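Presented below is the structure to which this report refers.
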Amino acid sequence: MIYRWLLLVSCLLLALLAQRGAAKSSSPKIAPPTKIDHKPSSLFYFEDTDTVLMNTVNGDLLRSVDAGETWSVVEGDDGGMKHHVLLIRQHPYDNKKAYALGPNGRHWVTTDQAKTWASFNIAEFPAIRHYPLVFHGGDSSKVIFQGEECAGRYCIVRSYYTTDDFATVKLLRESTGGCAWAVGHPQFAEDLNLAEEIKDRSFCVVPGLKVPLPHANRLVYSDDYFKGNAEGTETKLQEGRPVSGVISTAAVKKFIVAAAKSKGTEELALYVTVDAKNWHRAEFDGHRIEEDAYTMLESTNYSLQVDVLTSPRSGMGVLFTSNSNGTYFTRNIEHTNRNSEGMVDFEKIAGIQGIVLVNTVQNPEEVESGSAKKKITSRISFDDGRTFQPLKSDGENLHLHSVTALRNIGRVFSSPAPGLVMGIGNTGNHLQEYAECNLYISDDAGVTWRRAIKHPHKYEFGDQGAVVIAVRDEGRVDKINYSLDHGKEWASVELQHKIYPTMVTTTPDSTSLKFIVVGSLKESQDGEHVIYSIDFDGLHERKCEEDDFEKWPARLDEHGKPDCLMGHKQFYMRRRANANCFVDEEFKDPQPIFEACKCTAEDFECEYRRTEDGKGCVIPSPLTPPEGECKKPDDKFMGPSGWRLIPGDACIRDGGENLDKEIERSCKDASSPSTDGKIRVTLQLLEARDYAQYYYLERQSSSSGSDETIIMLSSEHEVYVTHDHGKTWERPLKGEEITRVYLHPYSSDVAFLLTDGKEGFWTEDRGHTFKPFQAPAPPTQDRFLQVMAFHPVHKDRLIWTGAVDCHSGDCHSDAFIKKGRGKNWEPLLSYVQKCEFESRETRPNSTNLVYCEQFEKQSKNGRLQLLSSDDFFNDNEVQFVDVINYATMSEFIIVASRQPENPDSLVASTSVDGRTFARAQFPPNVQVPVQTAYTVLESSTHAVFLHVTASSTEGGEYGPIIKSNSNGTSYVLSISAVNRNSLGYVDFEKAQGLEGVAVVNVVSNVADVSKKVPKKLKTMITHNDGAQWMLLPPPTKDADGKSFGCSVVAGKGTDDCSLHLHGYTERKDERDTFASGSAIGLMMAVGNVGDHLAGGDEADTFITNDGGISWKSVKKGKYMWEYGDSGSVIVIVPESKPTKTIHYSLDEGDTWEEFQFSDVEVRINDISTVPSDTSKNFLLWARLSNSEVQDKFATFNIDFSGVRPRPCLLDENQGNSDDYYIWEPKHPFQENNCLFGHSEQYHRKKPSAQCWNDWRESHVHSIGTNCTCTRADYECDYNYEPQSDGSCALVPGLPKPDAMEICKKDPDTIEYWEPTGYRRIPQTTCQGGLNLDHFVSKPCPNKEEEYKQKHGISGVGLFFAIVTPLAVAGAAGYYAYSKWDGKFGQIRLGESAGTSQSFLSRDSWLVTVPIAIVAGTVAVARALPLLVTSLWRGASGFIRLGRGRGYSRPYASRGSFAARRGDYTSIVDDEDELLGVEDAELDEDDEA
């Protein structure tokens, strides 16, 4: 019996010993490693589970349900997932759902943590440039899937949606910028009771109504998946109005952010909303945001964090934090470190409010100058970024590698383990290279640090920080280090294989005792990988109890006491570092403990923004005092302080600060002196004798700020600058002799000021500062050549044409290139005439395409060749060997060269792609045996208007205007005998902003002109882009109410009685166009009523407000005019006679008021305003004589901003409102006002509305109707020409186009269409009706079976067939603000009047002072010739001092639209005939 008892006790002891040994092991358990053949591309845990998904680069999806111990390949129900998973995405708000996307249209979803997968089909490749999946923050069953189809740089995003986890899928809509849910995050609008209203709302970035270019994109929304209204409703982003140029949207916690950018500027506007209804533009404390130059950082529940790039060259930024509604941002810290991908060294410590780690650049000035590398230092904030301090380890400053040097997946420094922070870094003055650093750890949330292990390591936290592991991150390793006491002591465990570690991870909440380590067996990290699962469960024998925890304060103040943030202190119950236990609460996140604090000043924010001293708040709008108060200006009343408690702040009000209580305010604060109904005048007497040129630096609609900047060059070559439209002037470069000014045509804040030497100055901040620069050579001495050329995309890429060898007797022009900011000038080509970048958004692979005219054999006696190159002339191709000139107009490159068979005659050739040229085919009814001159007119409607000189007799110049097809090669006659002058300018002008409207003057007595009889001109107008023309209908009465001297037929012009207008060829200031791109439908002109155009002395001033359908006489005599506030103000001043009054109209010319601006009469030389005609300020350029001064140069600023009290209110949904009505242009020749397959509708302010437009861009309300197709929507196909009856017939001798070519080019094409002789014009949007281009379809070879299935053109096909060409062509009349520098116009190719010798002989002065490609119509309208000649290339340079006008005067008046015009030149009487401005290459800037 005793023996049995001893045996029993022995067994029990052995069992207990065995059990104790099992309870505590000496090292973690490492499961047998799993080998996989391919590199992992992504890995994630389903939250609060041990289930892991891993995607490999070969398309396999692996699943583990035991935290990585074992893995299996997911094949799907039918094996279709194997090798077909392109990428995986976890649902961010539902831990049961994930998505596997395939490359071939088949995708999969799981709703049970990858136990089962259901497939769904969307025949789209997942989007790469946009989010492929967009998740709903409130309903996890709602997901948007996005695929994209791209053609060159243009992409169409197709967004599909599901409301039932992809059991059903429907098309949401096509867009250009993708779609997103309004509720993009669970916190969005959660406290606003909007759940029902916005639960189905989605936003999409869609193309402009007329142009699919980024600057025209719109943000629309729908609450019913675009079912009820396919177009959706435009989002009112700014002051209740839509905004064009929206690039993208993003959901950031409780905010939605939209970014918009206008053409002509890199500046972005960020708009923010917290309720998906009310949006505000974010302000950044004076900083500007640029595209690809800001990063949305991890933000709090109550503010946004944004890092703004301030130094593109060196990668530094400024960190900003917003107020609670995201509208006003305060600067936190400067010189933050960024990389070229926009990643910022910034991380919030997980789980603890207010602690932020950032890296900054210690030596920003040296880095910016390029003389030193970055010296990076680390800083930490414990008060939400208000203040920063160094990290400390053993009394030294510590610096850590951060996001820009990310070496692992997940967060960089922290995890949900309370207070545990790790990083790779070093102590000293600044951060060293990664390999020279060590692993540091902090267990007090970054207050103090200690070195944990030498050398860099990958690391991870587990069991709420009770376990920390680290794997050395250099070379091959075969062990894992771990610590159980917050990194004080370390142990290690061996691995079976030596690996190059790529990932170290655990559950997202860091509560597990299990870790996964992934490594490659090869240093290249390709091919075979090993997965280790490490389990620490057996290292402690017990679970922590209450005494093992401490109440740990998450934040401490400067005195080491718990600190308050957002009205409370934060604590955690945290395991003590030396506790011999594990927390072992798997998947249970540590819970913070909050203790409320009394309110302090830090718990309040300004409703708008702080005052400059930071002590108070700016009130955003004038205060309204209580009724009965403010009987006197000096009275006081109780009003708001401007402060508010930060939403979500939990501070205790009793006994605390109360900054939001009402304060005593002066009644002066409640007045608004700027809206007192008065016009204000500011006179400035300038020291200069006169002005030679002036240039407006127009702000684009996405630009911040409100300055109205003008750079004026005086007759003494001194520079004057004003930022307030002439109210004050300054001389920033006093003593410097500036001879030329160039405005950057693609960046409206940039200007270059040149001298006659190598020295120059430039500004990139709108003339606030000027920096010197050194050119590679003095400017070319050929004053008709432009010195600078600019790249449309790479804004810092420049071409300089300089004078070389001028002291040796062989003075010629060489071209140099600067490839980017900070780069040196490099030689490009010698003996050149003109060099230009030919990169265009619509021209594939053209980024480096450059055209140059070069003299053959590098001799000025040689023929002029046209060369092209894609590698900056390391290699080049000769396009033409005997070119007269070339120019770019919209998408066309048009070249004038000598006919080989007849050198005295010219030939025009055209290219769209910049590679292949086709000879222009003139219509049979335009017979000009010797073609000596062309003028290429504006081409904004995807067709070239070309004036061909038929008579060049001095004083008798005229010729037909012909219009091309969409590739610029085949022409039809538009109108005959159009007037031109001896300089090549043509009386042709398109009405800006209106499709298809143009005005010309024709010679009515052609037969008599050949007999030296003076020309008799008649004015005609077209409303359908040149297809039909009519005489202008005259008004019934003149300005005095009297009848005209001819019989007026109401509403109709007759041969004996019609209105005739003085056109471009007669203008004193060629920039004064009839129309304005922002004042849609308005035109003003000087002319007369009769049977032909009379002399200037008989001229009166006329206006139309319906696009030229009807006209009204405004004033007797000749007046100059300007439009303001998009046409709601019109100011006129007498031309060529002294005055002290102006006349103005506030109702589109219906009534006129007189205003006296001066006590004495002055002579007005010019009147100007901002090029977009959106300002309320006008500037009179005058000469003043009074008792104090005699004949003094002066400017008068006339400010109308006080005339009206408020901005107009617009309801986009209703169209008509109290302030606006919907206006539809009339096209009298077209049925239902249809042109290009649609009718348009515009918002126009009611003339009676007492408010301001305050709109930087005119806005198309809608394409009112898409019309049915007619013959007018088709043109003749290639190799076909129009016949007398309007039909298209094959050109004799030419073959039919090979329709089957499409099958050869694209093997996937199923069918082709037999040619019919017609093709749809690119800009039409017509639907249905006449179908002339598709009669007979046939199957492609070997596609007969597929052909049997009916195929219609796809959505994207329709898009690119109908809409994309508009990107190239643009709709007529893009608003002033986005057209540039003489970019529209006439390109004159050819002769000079009055020469007796052969026009094209070598000795002809025309070749010596050669010939022009003249560009004319400014913006989409006017006939401002762009004379592109070998003597003049839009030179901003030559200054004519005699008339006070220089050649290069972009932005000088309404005629000089900022983004629509640039180098506008006056004609100097004694100069040779060929003048020019930059080629018209920006015509695509059409309205949204």
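Glycine too: its Cβ is placed from the backbone N, Cα and C atoms.
According to Swiss-Prot, the protein has these features:
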- 63-72: repeat 'BNR 1' (REPEAT)
- ASN301: N-linked glycosylation site (CARBOHYD)
- ASN325: N-linked glycosylation site (CARBOHYD)
- 380-389: repeat 'BNR 2' (REPEAT)
- ASN481: N-linked glycosylation site (CARBOHYD)
- 482-490: repeat 'BNR 4' (REPEAT)
- 720-730: repeat 'BNR 5' (REPEAT)
- ASN845: N-linked glycosylation site (CARBOHYD)
- ASN967: N-linked glycosylation site (CARBOHYD)
- 1144-1153: repeat 'BNR 7' (REPEAT)
- ASN1266: N-linked glycosylation site (CARBOHYD)
- 1352-1372: transmembrane segment (TRANSMEM)
- 1406-1426: transmembrane segment (TRANSMEM)
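Annotated features, which come from Swiss-Prot, shown on the structure.
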residue : record                      : DSSP (3 states)
ASN301  : N-linked glycosylation site : coil
ASN325  : N-linked glycosylation site : coil
ASN481  : N-linked glycosylation site : strand
ASN845  : N-linked glycosylation site : coil
ASN967  : N-linked glycosylation site : coil
ASN1266 : N-linked glycosylation site : strand
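Residue density at ASN1266 (N-linked glycosylation site): 16 other Cβ atoms are found within 10 A of its Cβ, drawing on all protein chains shown. Nearest to ASN325 (N-linked glycosylation site) in space, judged by Cα atoms and limited to the glycosylation sites ASN301, ASN481, ASN845, ASN967, is ASN301. For ASN967 (N-linked glycosylation site), the same-chain residues 6+ apart in sequence whose C-beta sits under 8 angstroms from its C-beta are THR910, VAL912, ALA918, TYR1278. Remote same-chain partners of the repeat 'BNR 2' (380-389), defined as residues 6 or more beyond its termini with a Cβ less than 8 Å from a stretch Cβ, comprise 300, 303, 305, 319, 321, 332-333, 353-358, 445-447, 555-557, 563, 565, 602. Of the candidate glycosylation sites, ASN481, ASN845, ASN1266, the one lying closest to ASN301 (N-linked glycosylation site) when CA atoms are compared is ASN481. A simple Cβ count within 10 Å picks out one of the glycosylation sites ASN301, ASN481, ASN845 as the most packed, and that one is ASN481. Same-chain neighbours of the repeat 'BNR 4' (482-490): 28, 420, 422, 441, 443, 450, 452-453, 465-470, 536, 539-540, 577-578, counting only residues six or more beyond its ends whose CB sits under 8 Å from a CB of the stretch. Rounded to a whole number, the distance between the Cα atoms of ASN845 (N-linked glycosylation site) and ASN1266 (N-linked glycosylation site) is 34 Å. Counted with DSSP, the repeat 'BNR 2' (380-389) comes out as 0 helix, 3 strand, 7 coil. Helix, strand and coil counts from DSSP across the repeat 'BNR 7' (1144-1153) read 0 helix, 3 strand, 7 coil. Around ASN325 (N-linked glycosylation site), taking its Cβ as the centre, 22 other Cβ atoms fall within 10 Å, counting all chains. Secondary structure of the repeat 'BNR 1' (63-72), assigned with DSSP and counted as helix (H, G, I), strand (E, B) and coil, comes to 0 helix, 3 strand, 7 coil. Calculated from their C-alpha atoms, the gap between ASN845 (N-linked glycosylation site) and ASN481 (N-linked glycosylation site) amounts to 52 Å. In the predicted model, the repeat 'BNR 7' (1144-1153) has a mean pLDDT of 95. Residue counts for the repeat 'BNR 5' (720-730) by DSSP state, with H, G and I taken as helix and E and B as strand, are 0 helix, 5 strand, 6 coil.
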